[in-house]
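Single-structure report; data block below.
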Amino acid sequence: MADSQPITPGQVSFLLGVIPVFIAWIYSEFLEYKRSSLHSKVHSDNNLVELGEVKNKEDEGVVLLEGGLPRSVSTKFYNSPIKTNLIRFLTLEDSFLIENRATLRAMAEFGAILFYFYISDRTSLLGESKKNYNRDLFLFLYCLLIIVSAMTSLKKHNDKSPITGKSILYLNRHQTEEWKGWMQVLFLMYHYFAAAEIYNAIRVFIAAYVWMTGFGNFSYYYIRKDFSLARFTQMMWRLNLFVAFSCIILNNDYMLYYICPMHTLFTLMVYGALGIFSRYNEIPSVMALKIASCFLVVIVMWEIPGVFEIFWSPLTFLLGYTDPAKPELPLLHEWHFRSGLDRYIWIIGMIYAYFHPTVERWMEKLEECDAKRKMSIKTSIIAISSFVGYLWYEYIYKLDKVTYNKYHPYTSWIPITVYICLRNSTQQLRNFSMTLFAWLGKITLETYISQFHIWLRSNVPNGQPKWLLCIIPEYPMLNFMLVTAIYVLVSHRLFELTNTLKSVFIPTKDDKRLLHNVLAGAAISFCLYLTSLILLQIPH
């Protein structure tokens, strides 16, 4: 069971920040209840018709948003100085609390979920059980999910391509979300059941996620040319808000959740590659030079011994990690190993994104060919892809874990390319996707982080999740059903809350306001942390 751990300054800071938010939110709900009750009494008056006419006139100037908040309130919040908003919050001003009730609710719910993380992973209130792998059960559950998803959520899409204006749908958003979803399910089940025999497949799945980072970010920046501070901040918020609070609450290192720093790094590299001299991105030779430069950076960083350690050692405080089970390893070992496995695949994603319009035009021409020629070309593509996939499986995938990892950085593009070719080989395959997996694909970041603490258990700071969370002892399948339902629900809520709070604190067209918000957030965090240090010095 979980051992008692000393409370940290970060945890005290979180409590100091979240308790006032909870109080303000509860009070705002009380104020809203009073206002609604008064409103109901007024409308129960005998002069209902007259009052209704007056109300209709008043409502002409008010447009309600989600949560029952008028649009003018949101404008007032953004137009008010941060200092003014903070004073109104601390003094529990009625109008301010009612105006921002939805935001306070989102912040309070976010805090409550993090508290549940701590309860589940670091206390003895909930139990734990050992992992147990059974191949038959593992395959049964996954195949059952595929069958149910195919029967209930298979959907045809008719989206038009922004490049050709036709429904080619090559590597469309529905397809990539579905791809992320079915991979994520296997990735999570691999952890839950300790399915060590599919380790090499999991490595390919993680490479595919990184490939999508290169593909998706390149597509966005290349097409929309939006290198604004707001867009950059939104990306960093999406990737790191949840994980940052998880590290604070559970006293974990950032590298425990290695997917987050990996995606952050490769997102930054794509942003830098396209953002530098962005006005020349339309010139093919310039783009070729940029991609070649990316390869050069990776080669120098990861292939030349000693360079990685020299470059990253100043960031050891952020990227260092010590596994309690392997304390003898260097602090940067985990970062070197994890980032090195997928050091090239993000560039492959960029290349595929760059040639995406060209391939789409080829596919459009292919669909316009006569039936015999079209069939022969598609059959050839499927046959070649299948043969290449078979060779990779026989000579690379079947290698032992340690040997496979040596080949992985140079070969992970092969199964990814094979899957893309097969998945997009016909118009019918491109038209359809399973929306259940696509839905799961949208919350991969949340499910990845949450699994450590409310699906599995680690019990100690920086510990790997070696146990299962147990709410129903002696009934492993019932327990699996319950904790999975809670886990997926919480992950989805975290996805929604992250986006809700992003819209509140990250202005999209006001860099000055954004900078003020960042500075205010840093100042508040510093004050809370300083206060927590003082409180922890008080003798118990």
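The backbone N, Cα and C atoms fix where each Cβ goes, and this holds for glycine too.
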Open item on the list: Test of record reading: of SER37, SER44, SER129, which one does Swiss-Prot tag as phosphoserine?
Closed with: SER44
Open item on the list: Under Swiss-Prot, the annotation transmembrane segment belongs to which of these stretches: 100-120, 436-456?
Closed with: 436-456
Open item on the list: Looking at N-linked glycosylation site as annotated by Swiss-Prot, pick the matching residue from ASN217, ASN431.
Closed with: ASN431
Task: All-chain count of other Cβ atoms within 10 Å of ASN424 (N-linked glycosylation site) - done: 19
Task: Between ASN424 (N-linked glycosylation site) and ASN431 (N-linked glycosylation site), the C-alpha gap once rounded to whole angstrom - done: 9
Open item on the list: Within the same chain, where does the transmembrane segment (470-490) have neighbours whose Cβ lies under 8 angstroms from its own Cβ atoms, ignoring anything closer than 6 residues to its ends? I mean 6 or more beyond.
Closed with: 113, 116, 126-129, 132, 192, 440, 443, 447, 450-451, 454-455
Open item on the list: If we skip the immediate neighbours and take only residues 6+ beyond the ends of the transmembrane segment (182-202), which ones have a Cβ under 8 Å from one of its Cβ atoms?
Closed with: 131-135, 137-138, 141-142, 145-146, 208-209, 397, 399, 401, 404, 434, 437, 440-441, 444, 447-448, 451, 455-456, 465, 468, 480
Task: Maximum Cβ pairs under 8 Å to the transmembrane segment (203-223) - stretch from the list 7-27, 137-157, 291-311, 340-359, 518-538 - done: 340-359
